[in-house]
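Q: Pasting a structure here, questions to come.
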Amino acid sequence: MIAGRPYRSRLLVGTGKFAAHEVMRDSLLASGAEIVTVALRRVDLDRAGEGDVLDFVPPGMTLLPNTSGAVDAAEALRLARLGRAATGTGLVKLEVTPDPRTLAPDPIETLRAAELMVADGFTVLPYCSADPVLARRLEEAGCATVMPLGSWIGSNRGLRTRDAIEAIVAAAGVPVIVDAGLGVPSDAAEAMEIGAAAVLVNTAIAVAADPVRMARAFALATVAGRLGHLAGQAGPGTATAASASSPLTGFLGALGAPAKGNGNGRGTG
Ligand SMILES: CC(=O)[C@@H](O)[C@H](O)COP(=O)(O)O
């Protein structure tokens, strides 16, 4: 549920780095995603040319323009306004990433931009550091979600921020969407298992040898992780002892069959 609108899919996808627009379109379809993010810098805003990335976004998908490339709040707001004028959507994925090496979100400019955009009527989904205090401030500023990073954009390094994301999830009153760095489907499952409302994946799908199949894999992993979360996971046991999962196997020994295993008569696992 984002800004009062329900979605069935908990996987959001990006449109960068695909080898061809056709591969991107087929991958978006395979992902089952309903929300697709597009960098406003890549969009032909006056829609003059043919073969623009937007022409390959399947009909019916919700477009989430992003301010990728913005280095401060003013630039992000300018891009968002251009995007709204061109696409007609008030949704915006806010990204302010002044550091070209890490593409780390600037927390101060991100919060400033969020305040300006909310005041300007946007529905703001901010890409942000995995920082519980910042997440709270963004929520208080009126953002519709928070989107903490799993690891650096495009790094495929997985959920390096797991503990911080658990803290954000525990306190958040808006959906927490883990964005960036999820490299394999099990990363998406892990994010969902710890209570994320959704995940956003781009690079891992786009650069896979078979992007269409990878998109499907992420879709299934996202569902699996969500189900695991809802099912109520048992916590981990101790590192130094097993806990037999088939305690009745000792029963066979009592009937005369040779008892196998650890000799405690309570089964082998
Ligand atoms: C596409 C987008 O909005 C970015 O935040 C980012 O590209 C997503 O991260 P990955 O590319 O690492 O999946």
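We count from 1, first residue shown onward.
Glycine is no exception: its Cβ is also placed from the backbone N, Cα and C atoms.
Sharing the record's features from TrEMBL:
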type	residues	note
DOMAIN	2-247	domain 'Thiazole synthase ThiG'
ACT_SITE	K93	active site, schiff-base intermediate with DXP
BINDING	G154, A180, G181, N202, T203	1-deoxy-D-xylulose 5-phosphate binding site
Q: To test your reading of the 1-deoxy-D-xylulose 5-phosphate site: which residues beyond G154, A180, G181, N202, T203, same chain only, put their Cβ within 8 Å of the Cβ centroid of those residues?
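A: Going along the sequence, the neighbours appear as G14, W152, I153, S155, N156, L182, V201, A204.
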Q: What whole-number Å value do you get for the CA-CA distance of A180 (1-deoxy-D-xylulose 5-phosphate binding site) and the residue listed as 'active site, schiff-base intermediate with DXP'?
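A: Distance (Cα to Cα, whole Å): 13 Å.
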Q: Tell me whether K93 (active site, schiff-base intermediate with DXP) sits in a helix, a strand or coil according to DSSP.
A: strand
Q: How many Å lie between the Cα of T203 (1-deoxy-D-xylulose 5-phosphate binding site) and the Cα of the residue listed as 'active site, schiff-base intermediate with DXP'?
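A: With the alpha carbons as reference points, the distance is 17 Å.
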Q: Across the listed 1-deoxy-D-xylulose 5-phosphate-binding residues, G154, A180, G181, N202, T203, what is the farthest Cα to Cα distance, given in whole Å?
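A: Comparing all Cα pairs, the maximum is 9 Å.
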Q: Average pLDDT across the domain 'Thiazole synthase ThiG' (2-247)?
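A: That stretch averages a pLDDT of 94.
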Q: How many Å lie between the Cα of N202 (1-deoxy-D-xylulose 5-phosphate binding site) and the Cα of the residue listed as 'active site, schiff-base intermediate with DXP'?
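A: Given the Cα positions, N202 (1-deoxy-D-xylulose 5-phosphate binding site) is 14 Å from the residue listed as 'active site, schiff-base intermediate with DXP'.
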Q: Around the Cβ of K93 (active site, schiff-base intermediate with DXP), how many other Cβ atoms lie within 10 Å? Please give the count over every shown protein chain.
A: 27
Q: Mind checking which of N202, T203 has the fewest other CB atoms within 10 A of its CB? They're the binding-site residues.
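A: Minimum Cβ neighbour count within 10 Å, taken over the binding-site residues N202, T203, occurs at T203.
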